[in-house]
C-alpha cells in the first residue's frame, strides 16, 4: 500500500508541475495595479503596485513567498498572480512576490537563500524609497512551503544586526515547519487526505533536501529522530506536541517515538535538523525576536499541528500571535478562488488573512 501511495504522489507532483509550467502569466498591468517583473540581488520577483494617489503618504508592503513543496508553482501562475493582485488592491500595498528557484534545479538551502536575498534587497532604504514603501509597515508572508521560507527568512532577519529595516509582521498560511515528527495528531488524522497526503509531504521533504525515496518509510515511522539519535535529542522538547497542542487537537492520538532508529539518516541528510529548513526547531531566544504573527491553519491538513506548535512556542516566547483555525478547510485552499476551482474555503480563508493584515500592518 505504501508503494502505491508513493507512486500516486509522484503522479500528483508531475501533474502539478505540468499545470504550473503552462500557466505562467506575463506581467500585464491593469488599470488598478501596475505589475512588473524585476530582479532583486539576482532573484526574480514580481511587484504589484497600486496607483499613486495625489496626497498619499508612503504605502505599506507585503513580501510574499509562494507555496508548492519547494518544487512547484510560481509567482507568475494565475493562482498566485491573482492572490497578490487582490492583496495589493485590498490593502493598497506594494506586494513583492518572490520567484525563488525550484527543485530539481536547486535544493536546500538555495530556495532559502533566494528568498532571503530578495527580501534583504527589498528592505534596503533606497529600494523601499523607489517603490514608495513605508519602512515601518512591511510584512513577510507565505503559504505552505512558502510559509516555511517566510518563517526561516524572518528568523534570520531578526539576527541580522546590520539590517536597517525589519519586518513589522509575519503572516504564515498553513506553513510546513518541521520534518522531525511525521506522526503528530494532524499527520495521523489526515494521512490520506486529498491535496496533501502524508506520503506526498514526505516526498516533498526528500526532494527539498536532496535525499532518496528509499528513506520515505524510515521518515514516516520517525526512525530519523529515535531516542538513540544523539543529534536529535536537543530538539525534542521544542516540538513536543503533547505539551504544545490543545486537547481538541491531541484527541486520543499517541506519540510515535522509536527507542532505536537510524542515526545514519541525519548524518547523510543534516538538513533534517537544520533550523533554516525547520523553523520550528529554533531556540527560544530566536523566537522571542520574531514580529507579531498571524498563523492560519486548517483542520483537514497534515500540517495543522506544525502551525499550531509554532504559534504556541511563539506565544510562550512573548510574541503576539493570532491563530486562525479553520475547522472545515483543507491544505492549499486559499489560492483556489478562481473558476473552475473557486471554493468557498478559499474565499473564506483569503478574506480572513487580508482582514488581519489590513488591521495590523
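Indices start at 1 and increase along the chain as displayed.
Including glycine, each Cβ sits where the backbone N, Cα and C put it.
TrEMBL does not curate its annotations; it predicts them automatically.
Taken from TrEMBL as is:
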type	residues	note
ACT_SITE	144	active site
ACT_SITE	301	active site
ACT_SITE	331	active site
DOMAIN	62-220	domain 'Alpha/beta hydrolase fold-3'
DOMAIN	273-334	domain 'Alpha/beta hydrolase fold-3'
Between residue 144 (active site) and residue 331 (active site), the C-alpha gap once rounded to whole angstrom:
8
Can you break down the domain 'Alpha/beta hydrolase fold-3' (273-334) into helix, strand and coil residue counts using DSSP?
24 helix, 18 strand, 20 coil
Surrounding CB atoms that lie within 10 Å of the CB of residue 331 (active site), all protein chains:
27
In whole Å, how far is residue 331 (active site) from residue 301 (active site) when you measure between their Cα atoms?
5
On average, what pLDDT score does this prediction assign to the domain 'Alpha/beta hydrolase fold-3' (62-220)?
97
Residue 301 (active site), number of other Cβ atoms within 10 Å:
26
